[in-house]
Each structure stands twice: as C-alpha cells, then as structure tokens.
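Only one structure is covered here, and it is reproduced in the block below.
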Amino acid sequence: MSASSSRLLFDCGSLDWPNKSLFGDPTTRDVMNEHISSTWNAVIRRHMLAPNANAETILGRDGLPSAQFDAYGAMLPSFIQALNAPTTRLRISAPLSTAESILCADASHAPWLYMANSVCAYEATHLQPVQTFIAFNFAHGYCYLSLFIPLSFRITFENARGFSRFLEQLPDILGAYPTLAAIYKTMLFAIRLFPEVLQAPIPIIAKRPGVLQFHVSDARGLPPSWFPMKCGSVASFVALITNNLNSDLLNGIVGSNGDGEHYTNWNSGHDHWIVNRFITVKDLHSSLKSALEVDLDTEGGRNAVLDLLLDLGVTNLVRREKRFPAYFQGAESVYLLLSCERVGNELVAVQDALQEPLANYSGLDLRALIINLGGLPSRHSDICYTRNIFENDNHLVWNFEFYRIASITKNAQIDRDVLSSSMANLFSDFVSESSNGQYRVKEPRPVVQYRVEHDEPVASSAPSAWWQVLIGITTAILGAIIFFLWRCFLRAKRVKFQAKDSFPWFTTSGDDDSPPPPGDSPSRPPGRSPDRVLPRTVVRDLSFNDDDDLHSVDLNEAGSRFGEVVSLIARGNLRELAGAIPESLSNLTLLQTSASGSGFYTMVALYLATLGDAITAFHEHNDASPATIQSLRTLELQLEARGLRFNEAGTPANLIQRGVNSSVGRALVRLTQSALLATGENFRTRMATTLERIAAERLNTLTAYDQRVIEMTTELLAAIKPVLEVERSELTPHLANAEALLQVYNNLFSTDYVSASLLALRREMILRSAEGRVGEQPTSASDAANEELVQRSMTKLDKEIELFQAQIDSQRRAVTITEASNLRENILQPINTVANIAMAGAFLRGGARHRMPGMPDVATPMPNPFRAFSGRGHSLTTTRSGGLFRRPRV
C-alpha cells in the first residue's frame, strides 16, 4: 500500500460530513451518457444475480462456494458483542507469498474494505469510493463487469456510441470466469479506443490467498483475508500488469479457480453418453471380417462370434472432462452409436440366430446376417457421430474454444452430408471384400464433392490453344530462371565450414583468428554463449525460412549428437528425452550460431526447451499448463512439416496430455474430497471405496506424484478411522492427529479440503466442555464471571454452528446453478496460435495445392477404397457385458 493508503474517506473534523454525497456535490457529479445507460440496462438484465440467489458467497465453476462476504458483520453483529469481541481477532490477515507480493498487498490494516455496505465500492491505492451500481450484484463469473462502470462516467459524447457497442460485446466475448490476462488485454483495447478512461478509478481486484482466483469487489466488500491488487485506476492496472507479464498470476481466473479443460455446459442430462457404447465404422468392419473367418457350422465357432458381438464397442468415450474424439482418417473413423434401440434390435437378431440349434441356421445363413451388420452405418447414418455432429446435437461447447460456436452448426451439416453419401460406398467395399463377390448390394450413389462455385465472365470467342501453350512454356522458363538465380543468391550468402568427425567446433573461412590446434576445442564457440537460456515463446514469434528443414541439414556437419537428438524425438520416450534435453540444448545453441540451416536448429532447440519444462511439470505435479501443451503442438506441426518424424503412437505433447488426463493421483485427490465431505455411514462407505481404488492402483506403474498421493491418502484415512471408533475419553489425541494430517495433505497438494466428520466431533467436544463448565456451581464472584463468559461462549458457538450449517446448505443449493452462468469461459485464448495451427494443418493436408478461385474445374480424385485390417482396432475399455444386447424372450 502507498503512504496515502491510511487516509480516511471523510474529514472527521467537519461536523456535517455524514450529510455529504459520496460522489461530491450533486451539481458537479458525473452523469452517465444516455446511450451508455441504456446499454448497461440491457447488460444488467442478462447478467445480474437472481434476486432469490445467495449473494453472500462466491461460487466457483464447480458450483461450490469459494468465499464468504462480510466477515465483520458476523463478528460485530451488535454494539454489545462488538465491545466483547477479542481484540486479537479484529484484524483479518493471511501470509502474503513472494509471488503474490508482485501484484498484491496486505490490506488487513484497512478493515472497512472487508465490510459490506449499501453505498459504494472502494479503489485500492487511496482507499476511496468509486462510482458503481449498488442495487444489485453481477452473476457468478461476471464480477469483472464492475471494472467498466466507473469508465462509463468518463466517456466523451463523441465516443458514447462506440463505448456502448463495446459494452454490448463485452460479456459475450469474455464470457464467464475469464483470466486476468484476458482482462488486461481488454483494458488495453479500451485505452486504444477511448483514451479518456486512462485515469478512471476502478474497484479493488482482490486475490484469494494461495489460489489463482480473483474477484472484482462491489458493495459487499472483500472476502476475508483476500489481498487487493496494487492498482486503483485503469492506468495503474495496465502499468502493473505490463511490468509483470511473466507472472503466473496472469493465468488466474477472475471469479473462480482452476483451469481444467471440460465441456462448459455439461449437465446431468448428458450423463447417459458416458455409459453409451460407440464403435468406429473401421473397427466394426474389421470385427465382422474376423467373424466371417470363423467356421460358423460348429458350436465353438458360433460361441466365438457371439463373444465378439458382445464385446463390440467402447464406453466412457466422452464425459464432461473428456472431449468427443475428432477423426482424421476419413469417414470410416466416425463413431456409430450401438446403444440405440434400432441397432440393438439388429444385433439381438443375429445373437438369437447364433444361439439357435445348428439345424435351424446354416453357416451361409449366418454369414449373410453378419455381412448385413456391416450396413448398420449406411442404414442408420443419423446416429453416426463426429465431434461437430455430437457437439451440435447436444449444444455442448468445449472451453477455450468459444470462437467455434458460430461454426459448429455449419461444420456439423457438412459432416452429415459427407457421411450420408459415403457410408453406402464403404458398405459396398466391405461386402465385396468379405464375400469375394458372392453377395452384391445395389449401386451406391456417387459421393458429392463440395466446392465453391465462381461466376465466370462469358467469353465472346475461345482463345487459341497454341497461344495458351506458348504462354505456359514461357512462364515456366522464366519461373525456372528466377528460382535458379534466387537459389544462387542464397548459397552465396552461406558461410562454408569445416566438418569434424565428432561434434563440430566451427570457424568461418577468411577469419583473422587462427583455428584451434588439432585435438583441442576452443573455450567457447563463436557467437552466443552455449549456456544462454533460450527464449520461451511460441512459433508465431519466430520467422523461419521454409528451406530450413531436416532434408536441408548436413548431418555430417551437424555431428552425431544431433542425429541422436533426432532419433530420441522419433522414439518419443519422455524419460530419455528428459535426461538428454540439457546437453542437447547446449549443442543446438552452437549449431544455431555456426552451422547452415540455423532456423531449423532454432526451432528444434525451442521445442526441446518447451518440452523439458512440460516433462518437469508432469513428473512433479502430473500437470502441464494448456499454454505449454498448445505451444508444443504448434512446434510439432512445424517440425513435422519440415521432415522430422514423430512416434506413430503419439507425439510427446500427446503423451503428456494423455498422462495428465489419466492421472491417478488427481483422481484420488478428488475421490478423497468426496469422502471427506460425507458423514456417518456414507463416509465409511466412501473411505472403503477410496482404499479399494488405492489397492488396485498400487499394482500399476505410477509416477512419483501418484505414489505421494497414495501414501498421504492412506495415512490420512488411517488417521481418521480411529477417530470415529474410539471412546470419547480417548478422542482428543486421535482428533488432533487427524486434523494435523489433513492440514499437511492440503499443503502438499494445494487443496483446502475439510472433513465434515472431524468438524462435527471438534464442535461436539467444545460444546461438551462448555456444558461441563456451565454445570459447576459458582462459589465466588470470579466463578460468576466465568459463568457469564461461558454463556457468551455458548452464544458465540451457536452462531458459528448456524454459520457452518448455512455453508453446508449453500453447497447443496449450489448444485442447481443454471448453465447460462457457466456457458462461456476463457474466450480470449491466443488467437494467433490457433491461426498458426490452422494454417499448418491446411498446408499439411495439401491446402495450398487446392484449386484457386478463377481456375477451371478439375476432376477431384476419388479417395482410396476402404481396406479391411489396414490397422489394429483401438478400444477404450475391455469390459464385457453379456446382457447388453439381449432382450427378454416372450
């Protein structure tokens, strides 16, 4: 806080200060423009907190309360209780970490900031009131709108309409729960368009201690012990963030905490998709092809085919935290819903035929039925899904991709058209390959080729063909000459080096410095130092030459160690890469300085540096930030386009992402939270379930983080179990041990879990102790005073119990939160990175070679025909459900 932070709002020496206006004399008070005021009315109607909603808490994106307002209101409810309140508890503070002190300050010396009022909000540096709305509160996730209320009073008449359009777009673009970095970029944009808002005050932006969660304050004050940011105006906010752009606090969420990827509007109505069974068309045809190779005239062969049909498909394909897969191999990789009743009836018919006696159905009859199953996708194309179709039909939006909302419907319709025209061809190919021409299906309709039609001007007469040929030959010759001269120019700029047998130490030809003696190496390579730290950035910030690729690299010049780096990347073993990255970075730094094709070396070095950070974060915390994964994927696309091969099982970025999604430790931490919130028999049941899960996971290969979670969870549950079983006389040491272990658990895994059972026992002990003291007969004036103190303690404990019960009730009510408040989040993802990925994907798919507008139509080549057994089918689960497709016999 600055030195002026202790200055009070009003002059206590003036006797008429209670009658003063908070915003000055009404004749000089700022008035909001009419257009801006009407825009705010529309925004308020859409994003205000419902009148019947609980305004005393902050709800996170999980629907659970994360903070409580008006701490002093509960401590000082009346004049008498205010005088009796312990002095040591009147300052609400929390330790300020070094990372938090960069942007935040301790404001525990200003208790009025934490008090709710019906008058105003405060700004941080001078602790003065700011103009804001006090008749209502914004909905959860939209508290950042309070930042733009004081700006509305500073807008000039000329910019009023432009600022109104800016306000209309603000909630739709940022959505609910944006990041602090997104708010910073929005403020920069507002300053560029409306420079008059530069000195406008803003309400306090408060940070939750130890958690990447922010809240823009209003008349309810700050949550207890939260830290205000060290800025009180638009200019100071922008300057503060600009000076600390490398801080991890910029990834914090305004209004909530956590940044996991999930479907933002997933609700209980979508839970049935978790247990529904899907199968790709490719896997379906491969499985049926295998069934046709079995001898169906024997009992054993029919049982084998029956088992195969019962195991068709996978479950758990999609859920709230798991996105529906995208397909990249063509229409045969779309997903067919097997849990549909129509598909189930056909499968049950084949199943019943397989269970009939051998005399009723011959092998040829069964083969015909099995081949007919291959036409399920063509007969039921309406239940074939791609990612676009699934998300459009269920109105689901994946967070970080709100920019795709407008294109999901269009892409889904295109996918539907392609599938309806392609499935018949796939079925025809399957029948011809599986039956050797014995069975035939009707001729499928041709696949529609989608292209953009352009209006061509009507020519009066056809040009001469020989004239066009002559122009084409002349253009080709001129292009070849220009290309040859350009290559010669590039080669003339390159410096020649002498290659060594081992990793090279290069010197430029014609240099005045004498080369080092044979067998020795210079103290350092020319140019930059080998231990220089590579910049952390994304590919869009670099300018690479298209000629700098793996094919243009001279491996003899680069040395054997660079070849080892290339082979390590191709193998994709994360542990080998983690050990080899530090040495490889120093070698690549030298190559960037001295060898030809330095652009490619720079790209590989940047990729290895980013990958090393991601591997370290994954091994330590089983986590990797979305920005790091996005940068890795961008770099992998660039490297793959330049000839570097990756493992077919998945790139390192994919392996890290899969490891994060399937983290055993994080799943156990969430399971432990569920157990701790339960009481009585529910707690014992969930504790037993958690221990069974731990016992099952110990048999698998685990990371160090998973082992640490398993050990701490086992110790915590083992400490809580005797607390629920011992006698009340022996409860105190066990309860203290369990509470201490729970605190250690929270510190280790950055959680704030509480145990409902432990809290109930602790409060029961306090009540019993107080009741015992009340039952004693007072023998003196001191005993009478003690009895009065006990009565006050009882009253205080009753209020604490009521507050605790209110928190429990608010957690239960929070489950019914509307999906509108959680629809949009994190809208301002790095747009340039997404554009780079899209461009790279377009070039890799040959997008640059497509027909350009104005060129004559050319025949589009037909796709390669489907080949059975071209690859092994991939299954998410191996769970067998014998009665999945069985229906009861009548």
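Each Cβ is built from the backbone N, Cα and C atoms, and glycine gets one as well.
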When you get a sec, could you say which of 5-33, 411-439, 788-816 is annotated coiled coil by Swiss-Prot?
788-816
Does DSSP put Cys143 (active site, for helper component proteinase activity) in a helix, in a strand, or in coil?
helix
Tally of DSSP helical, extended and coil residues in the domain 'Peptidase C6' (135-255)
55 helix, 16 strand, 50 coil
Please report how many Å separate the Cα atom of His215 (active site, for helper component proteinase activity) from that of Cys143 (active site, for helper component proteinase activity), as a whole number.
7
Which same-chain residues, if any, lie at least 6 apart from Cys143 (active site, for helper component proteinase activity) yet have Cβ under 8 Å of it
His215, Val216, Asp218, Val254, Gly255
